[in-house]
Amino acid sequence: MDNPIHRRWRCTLRGGLVLRVAAAVVLLLSPAAVSPVASHNDHGVHNNYLVLVRSAYEYDKKVHQNVSSWHASLLASVCDSAKETLEADPSAMTRLIYSYRNVVNGFAARMTPEELDKMSKMEWFDRSLPEQTYHLLTTHTPEMLGLAGADPRRGGLWNTSNMGEGVIIGILDDGIYGGHPSFDGAGMKPPPAKWKGRCDFNKTVCNNKLIGARSYFESAKWKWKGLQDPVLPISEGQHGTHTSSTAAGAFVPNASVFGNGLGTAAGMAPRAHIAFYQVCYEQKGCDRDDILAAVDDAIEDGVDILSLSLGHEDAIDFSDDPVSLGGYTAILNGVFICAAAGNTGPTPASLVNEAPWLLTVGASTSDRRFAASVKLGGKVEVEGQSLTDPNTTMGEPRPLVRDAEGTCATEAALTAANITGKIIICDAGGVVSTEKAKMAKRAGAAGMIVVIPEVFGAVVIPRAHAIPTVQVPFAAGQKIKDFMQTSRDATATFVFKGSVFKTPQSPMVAPFSSRGPNRRSRGILKPDLLGPGVNILAGVPSIEDVELPPNEAMPRFDIKSGTSMAAPHLSGIAALIKHAHPTWSPAAIKSALMTTAEPTDNLRKPIADVDGKPATFLALGAGHVNPQKAMDPGLVYNMTAAGYVPYLCGLNYTDQKVSTIIYPEPAVSCANLSRLEQDDLNYPSITAILDQPPFTATANRSVTNVGAASSTYVVEVEVPASVKVEVNPSKLTFKAVDEVLNYSVTIKSADGRAPASPVEGQLKWVCGKQYVVRSPLLVVAGARQA
């Protein structure tokens, strides 16, 4: 096995190779160890490429010391070592950035177009991928999800799961503030003996909670000139600290944001260990090759769960996508992988991280609001939300004003509006609302009302502002504007109410949560399910865009929203399940989460979308996570990693692309396998594609008994009259735990025509009052391939 430290090579004047490990360890390889080096002009523009090697080629242990030296020899075959060229331009040296051992058969390198062209003619060369940038998709939720009782340290699911003790969650993100109290290791046991990772912080920061912390920078630094080598995985941004503390933060009492959300903060799995991998950089993004390198190491380090709150804006082929590639290798090694669905909703077909071996998580609201209201004329109250300290009082009503543009986007417009001592109302547009508040403060405003865009519906995402601020839904904003037009000398004041719980019609799909259908595999419903992702309070280094009075301490918690916040909720919950069921496969854990997900809100009505109508499966997936039920699901749809291979062949991937995805498993020939249609993949949800007459499809499934040894399940199907569904058999009788039984589902169009629009229903296996194993059933028309 190669040393887990990734190597970076460079061509030398003598045609040899220099290996740089960590800070100063240098190893010279003789020219005999590498292929002969050709000479050609090396003065071209250098770019980063991911180079994939044909699956038939593997390194010879008799010739090469390790995978890195083999990759270096392949690269050396096109590396210019002419003395005069390198002396004239030593910076223009081809570089091996990363040598991958687990996630792909290949390496990341820095090359000129001429070198790449020469490499493309090599017998071992499969293909190259140009550099790609991925982006981050950015206290009460443990109680809301049933993890904690009234006392957050006692009761609830945490009792039966021991809070995820001994489970290692790997977080890929933009940096972590290791000294945050959420990462206090007091009372934590040491990590399990299998842990082989490292923590680059010193011993006062690394502890039994934060057991690993590393930076991946080798590719990013070439792409973004001037980016400083982080040395340590620290970021002044909030994202990585927030996601890490959401997944597995320790108990921190008296956590709040300016008095809002006051309580004991904790992650979903407070006793799980955190291994942090920095792959993203503020204002830049996340480099694909760095992501692959981090997953490569995390698997060898011994993580149990991987949490990725990042993604690419486009639908990327599974064989080109680092999250898909790394995710497959992860499940091959028994590592559960959880990924954010994206933040470009409610646009259809906008979600990312679509591979079926990933748990793709959309975002929902919680039942907590940071309530505030605008009292118009001292009488009528218009409801909104605010992170202004609940103890703040506005006093007498203040005049309501607007600037000429209505968006408060420039200092000049605010000054011209004469807003001193007044409350200004601002529409969305221009700069962010926190910047508007700073400008309004400088112009003397007493307060600000921010009107949320109409697309957000009733969902408000409050931020901390420099002056007292209430953010209101679009409809409420229109009511305030109407009041201003019809009232002489319109005035208002604010009422700050703090945290309010059990908000009706919760959860609701977040407006920004990306939607299906799955662009790469229409027969697999995505997202898989929803988790809390709106107004999530978790740890941060400091609060952004807020000016504090002198000597006032900066809060160590903040509210953030995004599928980035939803994914670590599910990662932490998966850790609880992993602790309770250590032998369960990633597919079994995923199935438990999906088949027990709730399709209804706290009023027992269908979970709504932002327009107030029931959310479709393309927004909702299987429903909203229910951790208590997921711990004991009754039946699971289990799979090994090998089960995805016939499915990939069924998607018409070439043999080489399939082999790229499943590396380091042996190469495959799809001609020698039975191709699997998408609807036959043993997935917890069922999508039937009626693509040709007579518009009939059959989906086959296998379920494994993980509940009562002796149990009988009876099927219940609920579908509209436009389709007919037959399940065979209609009853499953188990005699033992881990027994596997099969069934088939035949879906037909009732009128013999393709459905004009998606048809939604559900299939449930019911065992008395103890278990309900539910699968969403989606019927669509059209082509099977995207």
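Using the three backbone atoms N, Cα and C, a Cβ is placed for every residue, glycine included.
Annotation comment: TrEMBL describes 1-39 as signal peptide. As annotated by TrEMBL, domain 'Inhibitor I9' applies to 63-136. TrEMBL lists 164-601 with the feature domain 'Peptidase S8/S53'. Here TrEMBL flags Asp173, His239, Ser564 as active site, charge relay system. The domain 'PA' annotation in TrEMBL covers 399-480. Taken from TrEMBL, the feature domain 'Subtilisin-like protease fibronectin type-III' applies to 680-779.
Of all Cβ atoms in the protein chains displayed, 29 besides its own lie within 10 Å of the Cβ of Asp173 (active site, charge relay system). Most Cβ neighbours within 10 Å, among the active-site residues His239, Ser564: Ser564 holds that distinction in the structure as shown. For the domain 'PA' (399-480), the model's average pLDDT works out to 92. In terms of DSSP secondary structure, the domain 'Subtilisin-like protease fibronectin type-III' (680-779) contains 1 helix, 61 strand, 38 coil.
In this structure, the C-alpha atom of Ser564 (active site, charge relay system) lies 8 angstrom from that of His239 (active site, charge relay system). Per DSSP, the domain 'PA' (399-480) is made up of 26 helix, 16 strand, 40 coil. Cα separation, His239 (active site, charge relay system) to Asp173 (active site, charge relay system), rounded: 7 Å.
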